[in-house]
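A short write-up of the structure that comes next.
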Amino acid sequence: MAASTSMVPVAVTAAVAPVLSINSDFSDLREIKKQLLLIAGLTRERGLLHSSKWSAELAFSLPALPLAELQPPPPITEEDAQDMDAYTLAKAYFDVKEYDRAAHFLHGCNSKKAYFLYMYSRYLSGEKKKDDETVDSLGPLEKGQVKNEALRELRVELSKKHQARELDGFGLYLYGVVLRKLDLVKEAIDVFVEATHVLPLHWGAWLELCNLITDKEMLKFLSLPDTWMKEFFLAHIYTELQLIEEALQKYQNLIDVGFSKSSYIVSQIAVAYHNIRDIDKALSIFNELRKQDPYRIENMDTFSNLLYVRSMKSELSYLAHNLCEIDKYRVETCCVIGNYYSLRSQHEKAALYFQRALKLNPRYLGAWTLMGHEYMEMKNTSAAIQAYRHAIEVNKRDYRAWYGLGQTYEILKMPFYCLYYYRRAHQLRPNDSRMLVALGECYEKLNQLVEAKKCYWRAYAVGDVEKMALVKLAKLHEQLTESEQAAQCYIKYIQDIYSCGEIVEHLEESTAFRYLAQYYFKCKLWDEASTCAQKCCAFNDTREEGKALLRQILQLRNQGETPTTEVPAPFFLPASLSANNTPTRRVSPLNLSSVTP
């Protein structure tokens, strides 16, 4: 049900905020713009700057309102008037980050706005002291037991207010944050859900709730308000849960209803494509976003990750210099510079910049993960483990941190730990072949060969990014003396390489041709064996074996040895490789395609 214009400010500024009536759909974009402008002001008054910026950016993407439709500021209550002087002074102190001073002058204030700023100042004071302690004991890697000492007191006071039903939407949001910081996750989720019902326009509450949801099943059981804000929340959580197809559909719907100029939505779409490793699409969107919003810093660390993967040194260098000119002390800027140095193999400098990012914001997920990668490059496994663990503390859905831990314990030759972490990464990214190949290698080391085979085949079935799954599966069949299955895997590997037009010159291609040459030779299929042996001659490591096999085939033919008719060939070479243009047949799936470990 759409809300009338007059209802919105009254609902928000009521003494004890009731459920806020806002639009349930996007049928009235003018009304939505009014609501966004209103909440941008209310969050700014309370020092919730990120929520204010998000609302303002979204409002800016909608058509401007005529003067007659612009809303006046919300009416001032009697309590607001009594606390006005204290609030004005305290807000000035708050804005320059003198949180204790702000809290001191707000003590005893009764208005909702002043009370929130009082409690929020105390919370941020505790966070600042904790972060200072963290930096002093450095590195961010020795964060250890440093806690925000204000949390327990804040919880007690906010709990009393909550039980008395005296918290408005902002108060509920802060109570939820305190509960989350105390690791009271279930209670925090309940409070954040309540906050979204009381004040659906506050993006910060939705975002905090998003950070606590671990899977789609958990999402289904949440009782969320039926408002247009829910669509933004669902698009965001789908992206976080790696449900990229659903996320992209949601964002496309938001563009279609009128938010096509939103830089937030465009950036989220780019992040979604980054998450599914559609690098070209993601790069294209980020480049377009940079043209529209050249001074934007948000998500530029993700953009730099894409440039890093593509080894685009000059573009990454330009991005790093550009962001330095805009704001060298932003966490995203530090991460971009870190990526630049990492691409140049200057890993100590890269780690230093990731540490700088963490001094600015110890809860910045990307910096922890990237620093873990750098410590891995420097062979400092203990520091890498700590960095990845901190990343998981910040966000348990970060598959890169779980995967990094798996790699670290693999280096330490601790396969059971390795298996646990790779499993967690696979749960978060079930269709990522890298996780499946890593799992397969782990099972192989633990001599659980059946499970290893399942993983390798599944990795191939979901789309093998690194084109190694079939080779590893073939070698496993070799180890088990399952020659026919090994040959099937190698021929499919060769077919895949040549069908997609890749020019691959590495050890595994030569390994495949060598095995196939020997396999066909044993089967007395001279034409196929000869073709594969000739291919072996193109590689340094198999050239001599290829020549020797060709000599043997020639000798046997000269002796009148005829090809066998008794041993059936399970498949044939691609027509482009076969001397006699034998047609190809699709490889049997080994009955493993539907099985996951």
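The backbone N, Cα and C atoms fix where each Cβ goes, and this holds for glycine too.
Annotation comment: Swiss-Prot describes Lys147 as SUMO2 cross-link, evidence class a large-scale study or a structure entry. DSSP assigns Lys147 (SUMO2 cross-link) to coil in the three-state reduction, outside any helix or strand.
The N-acetylalanine feature in Swiss-Prot is assigned to Ala2; the stated evidence is a large-scale study or a structure entry.
Under DSSP, Tyr273 (phosphotyrosine) is assigned to a helix (H, G or I) in the three-state scheme. What Swiss-Prot records for Tyr273 is phosphotyrosine, and it gives experimental evidence as the kind of evidence.
In the three-state DSSP reading, Lys467 (N6-acetyllysine) counts as coil. Residues or ranges marked as N6-acetyllysine by Swiss-Prot on the basis of a large-scale study or a structure entry: Lys467.
According to Swiss-Prot, the phosphothreonine annotation covers Thr562 (among others).
The phosphothreonine feature in Swiss-Prot is assigned to Thr565 (among others); the stated evidence is experimental evidence.
According to Swiss-Prot, the feature phosphoserine maps to Ser578 (among others), an assignment based on a large-scale study or a structure entry.
Under the heading phosphothreonine, Swiss-Prot lists Thr582 (among others), citing a large-scale study or a structure entry as support.
Annotation comment: Swiss-Prot describes Ser588 (among others) as phosphoserine.
Positions annotated as phosphoserine by Swiss-Prot, on the basis of a large-scale study or a structure entry: Ser593 (among others).
The phosphothreonine annotation in Swiss-Prot covers Thr596 (among others) and is backed by a large-scale study or a structure entry.
Under the heading repeat 'TPR 4', Swiss-Prot lists 169-200. Within the chain, the repeat 'TPR 4' (169-200) has long-range Cβ neighbours (under 8 A, six or more residues past its boundaries) at 12, 17-20, 22, 42, 46, 48, 112, 115-116, 119-120, 123, 148, 151-152, 154-155, 158-159, 161-162, 206, 208-209, 211-213, 222-225, 227, 229-230, 233.
According to Swiss-Prot, the feature repeat 'TPR 7' maps to 297-327. Cβ atoms under 8 Å from those of the repeat 'TPR 7' (297-327) belong to residues 267, 270-271, 274, 279, 282-283, 286, 290, 333, 335-337, 339-340, 342-344, 366 of the same chain, restricted to positions at least 6 beyond its ends.
Sequence annotations record features per position, and here Swiss-Prot assigns repeat 'TPR 9' to 366-395. Listed as Cβ neighbours of the repeat 'TPR 9' (366-395) (distance under 8 Å, sequence separation of 6 or more from its ends, same chain) are residues 140-143, 211, 301-302, 331, 334-335, 338-339, 342, 345, 347-348, 350-351, 354-355, 357-358, 401-402, 404-405, 407-409, 411-412.
What Swiss-Prot records for 468-500 is repeat 'TPR 12'. Per-residue confidence over the repeat 'TPR 12' (468-500) averages out at a pLDDT of 89.
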Residue among the recorded positions Lys147, Lys467 whose Cβ has the most other Cβ atoms within 10 Å: Lys467
Length of the line joining the Cα atoms of Lys147 (SUMO2 cross-link) and Tyr273 (phosphotyrosine), in Å: 37
Spatial separation of Lys467 (N6-acetyllysine) from Tyr273 (phosphotyrosine) - C-alpha basis, Å: 21
Other CB atoms, at most 10 A from the CB of Tyr273 (phosphotyrosine): 21
